[in-house]
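> OK, Swiss-Prot features for this one:
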type	residues	note
BINDING	L120, G124, H125, L126, S354, P355, F356	(6S)-5,6,7,8-tetrahydrofolate binding site
SITE	H228	site 'Plays an important role in substrate specificity'
MOD_RES	K229	N6-(pyridoxal phosphate)lysine
Amino acid sequence: MFANISIAEFDPELAQAITNEDARQEAHIELIASENYCSPAVMEAQGSKLTNKYAEGYPGKRYYGGCEYVDIIEQLAIDRAKELFGADYANVQPHAGSQANSAVYLALLNPGDTVLGMSLAHGGHLTHGAKVSFSGKTYNAIQYGLNPETGEIDYEEVERLALEHKPRMIVAGFSAYSQIVDWQRFRDIADKIGAYLFVDMAHVAGLVAAGVYPNPVQIADVTTTTTHKTLRGPRSGLILAKANEEIEKKLQSAVFPGNQGGPLVHAVAAKAICFKEAMAPEYKAYQQQVVKNAQAMAEVLIERGYDVVSGGTKNHLFLLSLIKQDITGKDADAWLGAAHITVNKNSVPNDPRSPFVTSGIRIGTPAVTTRGFGEAEVRDLASWIADILDSKGDEAVINTVKAKVEAVCAKFPVYAK
């Protein structure tokens with residue numbers, strides 16, 4: 001029998017670290033584009049007794065007994081995911097976005113097959129063919145990028161590379177791209193060479209669910225996403241697809257037993273909650289505000305003389321190039337962090353610096369919008385960022401901004417006390 005004691009009583013060292021992180025989230029402004037704050041209901045599911053249950057297999061086809069209630073939970077998540085995104089197929093078992101992506105590769109490709117994906121240096125993701133990832137090591141990865149004049153995806157280059165290399169799969173999606181992706185253009189290119197089209201919409205899934213960003217699910221052969229970021233659920237993954245019995249069977253077996261063992265049932269339950277939350281009327285208003293906030297911040301920073309890659313944003317994020325100011329992303333990250341503004345350093349197209357230093361930062365608005373910030377607050381925030389960057393990290397300026405950050409964080413708490 002377990003002793004009925006708290007973490008603080010049993011493990012004060014760990015408890016203190018958790019307490020400190022709770023305080024940090026309340027006292028810092030979160031602008032990392034891939035982060036958000038999930039609801040208390042999502043966290044309740046994550047911390048439930050479901051964490052005790054093993055459930056290898058799928059609803060009605062388990063390798064373990066005692067799964068009758070787990071089956072209900074997983075089926076709820078599946079049905080809600082399909083309804084939310086207009087999908088014919090959903091697999092809610094992937095532990096994370098990268099695991100969802102690796103399952104797609106396993107399902108549709110053989111080692112050595114050619115894949116065409118977006119370059120990490122131009123806004124793609126590790127799993128889109130980067131040399132340091134399984135996707136670039138196991139497969140012959142060809143990379144496309146942005147048009148240097150427009151800062152947008154160079155679809156002519158995508159088509160040229162596709163016709164030249166004949167990839168078996170084209171990957172569309174991004175981790176740092178601020179414009180609307182033309183999913184149909186990718187479909188047309190893929191069809192010219194008989195390739196699969198795989199879309200990774202991890203960053204914009206919440207926007208897609210709310211109808212404020214184009215939905216790729218019925219255009220692509222397979223679509224994946226994380227369930228956090230803009231979707232505002234648990235840190236986990238999801239695979240979606242339009243009707244295709246052959247692909248569905250391959251995806252099922254690629255997730256289990258091909259890529260994973262049993263699902264994390266507590267995370268599956270949390271996904272079911274997050275999908276239901278995304279069906280609420282207020283969710284669309286939230287996602288619309290996310291985009292408005294990102295656009296407002298980009299406008300202010302452009303007015304202050306900073307370069308935004310592709311000239312602005314039509315989603316939840318943008319890349320700020322600091323090449324003109326001769327500021328490294330690493331320094332900008334540190335200076336802003338000292339003022340309790342959390343961003344991440346990020347490479348920009350044709351970046352002369354290494355990925356560990358970079359010449360830019362990535363800014364996203366999902367978390368601050370969850371917190372309740374509107375355009376007035378984020379315009380102030382963008383001005384504070386510019387103040388710190390203009391001063392090259394002057395301590396007095398950082399302290400002045402930090403005081404303003406503390407005041408606005410107190411006004412807009414993440415979670416009710």
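Here the Cβ of each residue, glycine as well, is placed from N, Cα and C on the backbone.
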> Since the record lists H228, K229 as recorded positions, which of them has the fewest other Cβ atoms within 10 Å of its Cβ?
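If we count Cβ atoms within 10 Å for the recorded positions H228, K229, the smallest count is at H228.
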> Report the member of G124, P355 (the binding-site residues) whose C-beta atom has the most other C-beta atoms within 10 angstroms.
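Top count of Cβ atoms within 10 Å goes to G124.
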> Sort K229 (N6-(pyridoxal phosphate)lysine) into helix, strand or coil using the DSSP assignment.
helix
> Highest Cβ count within 10 Å among the binding-site residues L120, L126: which residue is it?
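Per the Cβ count, the most surrounded site is L120.
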> If you pair up every Cα among L120, G124, H125, L126, S354, P355, F356, the residues annotated as binding (6S)-5,6,7,8-tetrahydrofolate, what's the maximum separation in angstrom, rounded to an integer?
17
> Determine the Cβ neighbour count for S354 ((6S)-5,6,7,8-tetrahydrofolate binding site): the number of other Cβ atoms within 10 Å of its Cβ.
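Neighbour count, Cβ to Cβ under the 10 Å cut-off: 11.
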> Which of the three DSSP-derived classes (helix, strand, coil) applies to L120 ((6S)-5,6,7,8-tetrahydrofolate binding site)?
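Assignment for L120 ((6S)-5,6,7,8-tetrahydrofolate binding site) reads helix.
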